[in-house]
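According to Swiss-Prot:
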BINDING   81, 82, 83, 221, 222  substrate binding site
BINDING   83, 84, 250, 251  NADPH binding site
ACT_SITE  182  active site, thioimide intermediate
ACT_SITE  189  active site, proton donor
């Protein structure tokens, strides 16, 4: 079984500029999910939405082409792709000739499908569409307005509680203070998070302190979002819950996981100012 420690993270890597799908390094989701009590079918839906900002290849005459790519990996997939391997894989397109962007798109789709064990979505955008890529902050009431004392810097779910004796509410809360660290290298990962729910009102001070408590925690983006979802779901017992995080890019890639308790359309993959 592939483990994060066997990946290229934190190691010197040769940059290959001829297409090589074997560079992709899948990691099973199951082990980290078991840590948060998720075995079998997960109690959530959603996807991991990737944006690739450094995609380039050669056309059939050797002229470089560039594009952005949006890749959507369903959370039902048994595997994720380790992000450095994804970067190295995309770099392998650099001196490889493809007939057109569709050929590139279909090649990426087939390779990521095989790596994660599920069907993924891939969309490419050429330079003529770059100015249509908007920038927008997460909608909702900012928790960051609260003046709270923070003393926990590893996940502290005991900070979460809700007003079970009060009428239920519908709320969307956001924070730009999410930070965790790469599971293998310990490098900082910076993110913003949006939590939407229906049910007993969640104490906002405790929720903000809980989100801050990820600050020294080592885990991949997808795993952090699932941990947040499960902690809020079990401790605050909402009727409905969605957790959406957008992380700043590294190596030309950003990862934006979304998890929800009920089937719904994915949020638009619109980058934030920090991305």
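In case you wondered, yes, glycine gets a Cβ from its N, Cα and C as well.
Among the residues 83, 84, 250, 251 said to bind NADPH, no two Cα atoms are farther apart than 9 Å. For the pair formed by residue 221 (substrate binding site) and residue 251 (NADPH binding site), distance between Cα atoms is given as 15 Å, rounded to the nearest Å.
According to DSSP, residue 251 (NADPH binding site) is assigned to coil rather than to any helix or strand. Taking the recorded positions 81, 182 in turn and counting surrounding C-beta atoms within 10 angstroms, the largest count is reached at 81. In the three-state DSSP assignment, the secondary structure recorded for residue 222 (substrate binding site) is helix. Close to residue 83 (substrate binding site), meaning Cα to Cα within 10 A, are the following recorded positions out of 189, 250, 251: 250, 251. In sequence order, 86, 87, 252, 253 are the residues of the same chain, not among 83, 84, 250, 251, whose CB sits within 8 A of the CB centroid for the NADPH site. Annotated substrate site 81, 82, 83, 221, 222; additional same-chain residues within 8 Å of its Cβ mean position, judged by their own Cβ, are 27, 48, 80, 86, 220, 255.
Rounded to the nearest whole angstrom, the C-alpha distance between residue 82 (substrate binding site) and the residue listed as 'active site, thioimide intermediate' is 11. Checking each of the recorded positions 81, 182, 189, 222 against residue 250 (NADPH binding site) by C-alpha distance, the shortest gap belongs to 189. Note: the CA-CA distance between residue 84 (NADPH binding site) and residue 189 (active site, proton donor) rounds to 14 Å. Fewest Cβ neighbours within 10 Å among the binding-site residues 84, 221, 250: this applies to 250. Checking the recorded positions (81, 182, 222, 251) against residue 189 (active site, proton donor) with a 10 Å Cα-Cα cut-off leaves 182.
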